[in-house]
Amino acid sequence: MLLVPRVPVVMQGKCGLLKISRPLQGSLSRGFHFSRAHRSEYDEEKVVIDEINKKLTPVDIQNQQKLRNIGISAHIDSGKTTFTERVLYYTKRIKEIHEVRGRDNVGATMDFMDLEREKGITIQSAATYCSWDKDKNSYHFNLIDTPGHIDFTIEVERALRVLDGAVLVVCAVSGVQSQTVTVDRQMRRYNVPRVTFINKMDRMGANPFKAIEQLNSKLKLPAAAVQVPIGAESELKGVVDLLDMKAYYNKGDNGEIIESGPIPEELKSLAEEKRQVLIETLADVDEHMAEIFLEEKEPTIQEMKDAIRRATIARKFTPVLMGSALANTGVQHVLDAIVDYLPNPSEVLNTGLDIAHEEAKVNLIPSVQQPFVGLAFKLEEGKYGQLTYIRVYQGRLKKGSYITNVKTGKKVKVSRLVRMHSNEMEDVDEVGSGEICATFGIDCSSGDTFSDGTLQYSMSSMFVPDAVVSLSITPKSKDSTNFSKALNRFQKEDPTFRVRFDPESKETVISGMGELHLEIYVERMKREYNVECITGKPQVSYRESITIPSEFDYTHKKQSGGAGQYARIIGDLSPVEGGNKSNVFETHVVGGRIPDKYLSACAKGFDEACERGPLIGHKVLNVKMLINDGAIHSVDSNELAFKVATLTAFRDAFLKAQPVIMEPIMIVSVTSPNEFQGNVIGLLNKLQAVIQETDNGHDEFTLRAECSLSTMFGFASSLRASTQGKGEFSLEFSHYAPTAPHVQKELIAEFQKKQKK
């Protein structure tokens, strides 16, 4: 029987009185049973991981324990590239610090593209490795710095797919912003645990505890500080560690020397209060910590560390550290936290699909004794040819060995194997399980799985979001060789960048995640391929759908001497319930009235019809086609006839089903100084945006609203004018919604006018 004290429990410890609040007592009594009755997803994974680890050799275990694959993610301008620069400096990977935007004519190490250094944003994920010494052990980090801008979200997806943990960088002034929410969603999709670093503590208006509240409320992720700052804004001096209750200060020209001392008198009560909050939060998410409470004990430093590690790896909690990368404060503590709280490769469950056995799910074993399995997660065109980044999940990859592309069955030789440091590389002979490396001369696509040829394992590919913006592009010169070469390379590197030729306008059309995304590629074409282009006005990627069911009974006949064409299909079109953004094709034909080979042709016809809708030629969304009857002719029926019949029946039924044009609805997040709040709200009202929430800070505000993408072109210059250049914004796709009736009429009229031309 479980006994819970009915009065507050007070415990005397070296850090003062530790009192459990009444709400916590309730959560402890509930949580003790709750954690057993409702085991988290990770609890189930842990059972499998423990079984896998029994198969590892002592050497495997030792190698894995010293390895961390870490990503650094954040909202744009939260300071993560500056943070990464300090990490490289403190781990002795670079000898001097350079700043973002190339202010010193050098630029941040990880921003190696000229465009990145000019614009001060990270466009591609740069990979590097470094070592960090802690407790007389050397730990090896594979580190990836990812873009914060929403237009480059595929780079974040690629990084998280192959990482075991992440550092989430949050601005102390702005707190949780729109892209922070997006990154959180991506981390959850790939089950990536994270530690959080609240950066820019030296900025005016810095409020780390408000940011922690937002982590709890907006991200619905239990979070608690493991540090409190010593001073803030321009008076930031260091941090207090809430586990060992000591003060730490960064000294030296670049903060490379760390000194410790007693907690300043004025911070003792705050430190004790926040330490208790940390312990209470841990007791809510960790069974062992809950037991310590119920036994009325004060947790030791090691017990707290262990609880933080367990809860973080289980994705139930994130420890929050704080400091300022630009002011060289607090970064080394984050490196310690990566070692202490984030998982090594043997603590993460990675699975594949065994193609040889009907895609049965298989667990990958992070041992060099196992057959090789790796995932190509990123492609780059380098000066020595195509560079392919590979995460090794099982076995080892050796220079000179042969590996097989599981998708194509093609065998290739690993002629050169390198570890990357930004755009520089270091040759290696071999990499083991859990490592990230790169190789040359392998023809593949992003997301392909490689093996040693004995296994046919495939790993699930990265999530690729739909493109929402398109524009026409034409080279100024008639020589189109480099133009085609550039487009082919960019498509291969970036799955969210798409190219198609419009037969009506005779133009090449590129599509992507936003205006900036496409602008960057147009600029890269000019710089890297010497191809200047003329671009058209950005176009919205609309979708077409229906609102009511519609039946069809269509017969396709064609007779022109000799064998003709005959196909009859009967069925209906209907909207897909739930709006899951997919189209569905089903057949319920009985008695063999339509043979399977003809039904397969119907499915191809349906897919083709969905690529180009009847209203304005855009893709079709949320439509289900059911064929339940039909007829064939013994001589004239063939696959082409049934495909054509499906295309025509689809079009006719679609137009009778009260069709609608759907437009992308975006979440716009605007941050600006407080004095421009009225201007920004007025600007959004003109665009008929629906304001969802406003977050007022010390000297700036953040506003989130829903608006149609079609109204947002040119918003950057309007915002600049309304805020004297001090406002910034980001756009993220939310969902598709029907356009206004008058807009639909205009779009259809415009499309029909083009058709006549």
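Here the Cβ of each residue, glycine as well, is placed from N, Cα and C on the backbone.
Per Swiss-Prot, these features apply:
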TRANSIT   1-39  transit peptide
DOMAIN    65-346  domain 'tr-type G'
BINDING   74-81, 145-149, 199-202  GTP binding site
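Secondary structure from DSSP puts ALA74 (GTP binding site) in a beta strand.
Per-residue confidence over the domain 'tr-type G' (65-346) averages out at a pLDDT of 85.
Fewest other C-beta atoms within 10 Å: among the binding-site residues ASP77, LYS80, MET201, that description fits ASP77.
According to its DSSP assignment, LYS80 (GTP binding site) is helical.
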